[in-house]
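Asks: Take this structure, written in structure tokens, and hold onto it; I'll ask about it next.
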Amino acid sequence: MARITLRQLLDHAAERSYGVPAFNINNMEQGLAIMEAARACDAPVILQVSRGARSYANDIMLAKMMEALEVMYPDIPLCIHQDHGNNVATCLTAIQHGFTSVMMDGSLKEDAKTPADYAYNAMITTEVSRLAHMVGASVEGELGCLGSLETGHGEAEDGHGFEGALDRSQLLTDPDEAARFVAETGVDALAVAIGTSHGAYKFTRKPTGEVLAMDVIEKIHERLPDTHIVMHGSSSVPQEWQDVFNAHGGEMRETYGVPVEEIVRGIRFGVRKVNIDTDLRLAAAAAFRRVADTSRTEFDPRKFLKPAMDAMSAVCKARFEAFGTAGNASRIKVVPMAEMARRYASGSLKPQAKRAEAA
């Protein structure tokens, strides 16, 4: 098997009505944990890398690690995705280092803190789409800002997130504007704002439609039935791992994530990519704390890392099964990026929108 573009993978997911978890990765242990789970489930994989992860691990290290994972797990279609690119250069250097997909997040300006207007977002996302598609790479765009409908605030992730408070209209993607944005930019996938946020502290109570606007996804899918929708900030923050974390010296306050059943509902309405980072961080940190608390003389890093890897793998397996990803790796025949570039050039991959009905 080879590296796969996001577009081909999500096209396959749409044809077979499943979703694909996109796990953030910073190091070898995360990579191995995710890929072991994928092998066990026969699931295709999206490994995504933030700008913070690229700074932490270095592009050369990450590129070589991805090469190693590709060789070690030859039967798993592997999409390597830039998460929350803040400018054209971030996206193009990712492609230069072997990424098959990039996200141009033009919902914020280049400082990754200031909300951008529609014109800026459409302009810069269109430019990234034009350049990436020339070499066959996929592009994800974002419309609307990721943040809490309870508070109006967003949670910065690796330095990416708006400052201050926004009103509800800025925190929810408008379906008509989404149709216009996809048509203008030519993106392969669209991240939408529905009240989710980065980090562990997403909701102060089990979310309802008041703070988790799944109906927005349904309306966008109605306008854009062939567009792949992306849910960001979609960790479920499992209670069992919160309990382990706190039982062994942690001080995590009560919080609620995005329920898995709501994500599964979203998959029925066009959600194809589901971003997950906090769940793996929490599982790994909880496993670390348990070893540190119960084996206080232990100092071999491997004795901490192996349980952390097992914990992360368990979360990944659960998501592959719940989202219907399991069983699909062996059904995919990877299309090379050069062929994807030819298809983009021919216009055969141009997005289509359903016209809005007159009032």
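Cβ from N, Cα, C; glycine included.
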Asks: The Zn(2+) 1 site in Swiss-Prot includes HIS84, HIS232. Which of HIS133, HIS153, HIS198, HIS248 is also listed there?
Replies: HIS198
Asks: With GLY233, SER234, SER235, ASN275, ILE276, ASP277, THR278 listed by Swiss-Prot as dihydroxyacetone phosphate-binding, which of these, GLY199, GLY209, GLY250, is given for the same site?
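Replies: According to Swiss-Prot, the candidate sharing the dihydroxyacetone phosphate site with GLY233, SER234, SER235, ASN275, ILE276, ASP277, THR278 is GLY199.
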Asks: To the nearest Å, how far is the Cα of HIS198 (Zn(2+) 1 binding site) from the Cα of ASP83 (active site, proton donor)?
Replies: 12
Asks: Would you pick out, from the recorded positions ASP83, GLU142, ASP277, the residue whose Cβ has the largest number of other Cβ atoms within 10 Å?
Replies: ASP83
Asks: Through the lens of DSSP with three states only, how would you label THR278 (dihydroxyacetone phosphate binding site)?
Replies: helix
Asks: Rounded to a whole number, what is the top Cα to Cα distance in Å among the residues the record ties to dihydroxyacetone phosphate, namely GLY199, GLY233, SER234, SER235, ASN275, ILE276, ASP277, THR278?
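Replies: Between the outermost Cα atoms of GLY199, GLY233, SER234, SER235, ASN275, ILE276, ASP277, THR278, the distance is 11 Å.
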Asks: To see if you understand the setup: which same-chain residues, six or more apart in sequence, place their Cβ under 8 Å from that of ASN275 (dihydroxyacetone phosphate binding site)?
Replies: PRO21, ALA22, ASN24, GLN48, ASP83, VAL230, MET231, HIS232, GLY233, SER234
Asks: Of the binding-site residues SER50, HIS84, ASP105, GLU142, which sits closest to ASP277 (dihydroxyacetone phosphate binding site) by Cα distance?
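Replies: Minimum Cα distance from ASP277 (dihydroxyacetone phosphate binding site) across SER50, HIS84, ASP105, GLU142 lands on SER50.
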